[in-house]
């Protein structure tokens, strides 16, 4: 009889409440227990002893214990006061996050050890498990369940509604609650509970709506300066699921010109310095970074600054396009169109900058380019852009004939001694030139960060300009070394390798056309210099010719400094071969080509980590310049893109809405 009475008591809501609504919360309670036990069998045995996994296992046992106890007090004993009801409701709120994190941690550990190991099915299971406490929380907050449970009466519900509208009533109710609670309960609900909910909401907002970022470098100058704080919308790219590789569907696709935030794909490379050091930093670094509004990185670099895990670049290439760069200008092509300047396309322009320089703004970063250097590079490019291929071939033929003739006339040994004697005499001057140039160039790179007067800064600028003028001494020295090698070459081999019939196919990209002419003008000027020296035996070279050779050398080879084996190269920052390289290939769906606006100081979709040498013209033969580049053109998957910049929040001096 007692058992029958107990069952009837459980099945009968208090105070004649609605039986259906009384028992609906029982469904997520039971499912929560079931999912907790099932989840134990989803853990990979190979990571069972990981400390984070062990904590996760403990949590999975605590969750069903908590759920069963809740069923007991809610449905069997029915001894809850309204205050205890609200306490249970709060703890269920905490349990939503606990369930998600506890179930997901083993997947994070496994993914850390083997990138991409987490399955979609498991992620769905975690989401369904988390929906149990979430739906339970929503149900227990609802008026209909409160009334059906018998713990609340209609007057209690009405009073709750009044307190939401009346601040005075709300304060009186809070004072009443403080009197009913113990000291520890008040400490928890007055201090820790609001703090935990604030943290939770910050994380939710940062993952779903918008996030604050700190600009880590000068790659987006002048749009953004180093350490600017920007706000990125997450809705456009699809909010991400915390601790997973999954995102909700995106609202719209990035388009050319959009400034996006994205995770550096190198984070997934175990050999990269950007890879998280351990599971702890993998789990907590993103959260701490969000909660501190990008001020604190618990896995920062050796310099104390955040590692470049979250980057900000501009979308340049979108699916269905291919592109190349010629002298700082982007060209684009689609399958149904010819090559066209990006700046001539509707709603697009040339966003890149090649002449950025500041005397006084320390947040503009290291300055690779300066006015004097920019002028020299422009003059070098102009020599190629203004040249005519037919005229180049005609002059090259004449100069090649003269070279072979002059080589036959000289006494090889005697002339080599003359060249070596000249270089021995000029060696000390050359060393002085490159030493002075290095000092002045490094000063120019950092002049915006130096705490000196404007007059002193202008002296540094003038000093570099003078050093660049004297660079002709090194250029002549270097060309004489090249001439020594040519003199010693087999004449037949030289004749075969010295290509003078330059051409490019009808479907050549703008880059191919430019490189062919650039290769031709470099050869022509070099041949003129060699023939001058060979025919006269003198080293007094026409200044205009030597200047042209210098401009072309700076443009292609770069700036030779004493402390470096390889020159400081600028060519790879202003130019890029056709990408994708195959004639019939275009950027695939879901992939994007991203560049920094500060083209000469940006590691972006053009670049890799390794410098290597290539010939300027692969088919150019002898006298073709060798270039140092770090090209490794690649796209960024929309999986890594997680926001679109909408606002510069700080500093206020250049706050801006996009």
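Using the three backbone atoms N, Cα and C, a Cβ is placed for every residue, glycine included.
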Quiz item: Under TrEMBL, which of the candidate ranges 121-140, 141-160 is annotated transmembrane segment?
Solution: 121-140
Exercise. Out of 187-210, 211-234, let me know the one TrEMBL marks transmembrane segment.
Key: 187-210
Practice problem: Could you tell me what the rest of the chain brings near the transmembrane segment (21-47), counting residues at least six beyond its ends with Cβ under 8 Å? | Solution: 13, 53, 56-57, 60-61, 63-64, 67-68, 70-71, 74-75, 99, 103, 106, 109-110, 113, 122, 125, 128-129, 131-133, 135-136, 139-140, 144-145, 147-150
Practice problem: Using DSSP, break the domain 'Peptidase S26' (190-332) down into helix, strand and coil residues and give each count. | Solution: 36 helix, 35 strand, 72 coil
Quiz item: Which residues, given as numbers and ranges, are at least 6 beyond the ends of the transmembrane segment (187-210) yet have a Cβ under 8 Å from it?
Solution: 87, 90, 93-94, 97, 177-178, 181, 231-235, 239-242, 287, 290-291, 643, 646
Self-check item: Nonlocal neighbours by CB distance (under 8 Å) for residue 219 (active site), same chain, sequence gap 6 or more
Solution: 312, 313, 596, 597, 598, 601, 602, 603, 604
